[in-house]
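These features come from TrEMBL:
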type: BINDING; residues: ASP34, GLU35, ASP142; note: divalent metal cation binding site
type: DOMAIN; residues: 28-251; note: domain 'RNase H type-2'
Amino acid sequence: MDLGEFEADNSVSCRLASAIPDVCKTEDCCLGIDEAGRGPVLGPMVYGICFCPIGKKEDLKDLKVADSKTLTEAQREHLFRKLDEAKSFVGWALQILSPNTISTSMLQRSKYNLNALSHDAAIGLVQFALDSGVQLKEVFVDTVGPAEKYQEKLSQRFPGVEVTVRPKADSLFPIVSAASICAKVARDHSVKDWNFPEDLGEVDADYGSGYPNDPKTKAWLLKYLDPVFGYPQFVRFSWSTTQTLLDSKAVTVHWDDDEEDGEKAAARQNNTSMLSYFKAGSKTSAQQSNTHQTHRFFTERRLQSLATL
């Protein structure tokens with residue numbers, strides 16, 4: 001699976017898709033939706049769809065697809081190749097949600113939780129299939145949240161399409177199993193080959209499953225916690241696991257009360273006010289000293305302190 005487009009900038013989300021089979025543009029089709037990587041604190045969450053003509057459901061069964069969680073990595077890779085080779089009647093698409101997208105969405109001022117993010121990713125993929133000319137008549141979805149409410153939401157969004165939302169749909173409907181395999185293979189590849197834009201040197205790739213309760217994942221999070229700038233973008237900083245570690249291990253940040261003058265607050269705590277950096281002709285002790293080592297955050301971005309403009 002080629003994830004080159006996402007790997008070029010893994011700080012943002014990305015959509016990848018196969019070619020649309022001609023038969024899917026002329027015959028009534030079914031489509032399955034599933035995700036991979038909802039729970040981990042590391043790496044992206046990937047939503048996948050797979051679709052084929054309703055008359056080809058038995059052919060899909062012959063490929064022996066199954067819920068990706070019941071398969072080994074080698075089995076998933078093998079089945080994805082078989083799905084990709086069946087391009088005469090099978091198509092797929094992926095929405096890769098980067099850790100940065102997940103975190104910034106969940107922590108933005110207006111509430112946008114993981115369920116809403118998941119719903120929007122699924123809706124966007126169904127709309128993509130329709131816009132691409134796929135003749136959708138049936139959609140099968142592994143539920144996120146209450147199945148009845150989710151099914152009603154999708155049915156209202158896509159009138160004329162029969163929507164079925166079920167828990168464990170990836171083990172009930174082969175078309176959802178196929179979507180599950182596509183999503184899981186994409187996530188596995190992205191995590192395994194993650195490109196760290198931060199200058200971390202030789203990164204330890206032994207970070208386990210990525211789930212918060214995995215000892216290897218916990219050890220990796222402790223190892224790569226920067227006390228000032230937190231974590232690389234590989235980490236979902238909106239997860240309670242990372243927030244707890246930041247609260248206990250990172251440098252404490254004091255936010256001055258809006259009603260208290262910033263310089264007075266700094267003087268009270270025997271600190272230098274940020275405002276002092278913008279005063280003409282003023283130099284802080286840090287600026288006057290040439291012995292301190294500049295943090296890599298500034299050197300990587302070629303940022304320097306200026307005394308005058």
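FYI, residue positions are counted from 1 along the chain as it appears here.
Using the three backbone atoms N, Cα and C, a Cβ is placed for every residue, glycine included.
TrEMBL does not curate its annotations; it predicts them automatically.
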Which are the residues of the chain, ASP34, GLU35, ASP142 excluded, whose CB is within 8 A of where the CB atoms of the divalent metal cation site average out, their centroid? ILE33, ALA36, TYR47, GLY48, VAL141, VAL144, ALA169, ASP170, VAL176, ALA179, SER180, ALA183
Mean per-residue pLDDT in the domain 'RNase H type-2' (28-251) works out to 91
Out of ASP34, ASP142, which has the highest number of nearby Cβ atoms, where nearby means within 10 Å of its Cβ, if these are the binding-site residues? ASP34
GLU35 (divalent metal cation binding site), number of other Cβ atoms within 10 Å: 22
